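> Structure incoming, see below.
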């Protein structure tokens, strides 16, 4: 059932996946559902809803990624980082979260599903110092763009981008961008079976 739904959703967003990638995505939902009962990783309880709200909500960003090295800040159980890593095996993803149970889950997912292009790090973002900066800094965890830019300003490489995943846009928030940062592009995202606004903001350092 989930496999057929995934197939239809991928076609809807015009994203092609191998049989192995589809299996990994479905197995990720299975692991999330199983671990969630004990670890409380997400408020979404139903696998079909997870497929929409977690997998597809992450994958609509995939075709907009530029570069090879990414960090997903406040990734929780690995969202959007794990679905994006599955679909982009030639890119690398650091998954950053401050809660140990989430990091343990991510590492188990990587081990069981054979995902080799992610590394999970338990750290607060402001304390994290990368050996090499990133082409893209992703997050759907921050309440405000200002918080994201303030805490993650040290992470992108010289021409790196911030990818802020937002629901409904707040005009006031957009007008109060911190100095030194510019919104390069605002992309309206369409998530299959999700009747809610979704936006991707690409932000650069001036």
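Note: Cβ is positioned from N, Cα and C throughout, glycine not excepted.
Swiss-Prot feature annotations, pasted as is:
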type	residues	note
BINDING	74, 79, 125, 126, 140	S-adenosyl-L-methionine binding site
> In sequence order, which residues at least six apart in the same chain have a CB under 8 Å from the CB of residue 79 (S-adenosyl-L-methionine binding site)?
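Residues satisfying the criterion: 54, 57, 58, 72, 140.
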> Would you mind checking how many other C-beta atoms are within 10 angstroms of the C-beta on residue 74 (S-adenosyl-L-methionine binding site)?
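Total other Cβ atoms inside 10 Å, all chains included: 22.
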> Taking the Cβ of residue 125 (S-adenosyl-L-methionine binding site) as reference, which residues of that chain separated by at least 6 in sequence fall under 8 Å from it?
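Listed in sequence order, they are 73, 74, 96, 98, 151, 152, 155.
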> Going by DSSP, give the three-state secondary structure for residue 125 (S-adenosyl-L-methionine binding site).
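In the DSSP reduction, residue 125 (S-adenosyl-L-methionine binding site) maps to helix.
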> Give the number of CB atoms, excluding that of residue 126 (S-adenosyl-L-methionine binding site) itself, located within 10 Å of its CB.
11
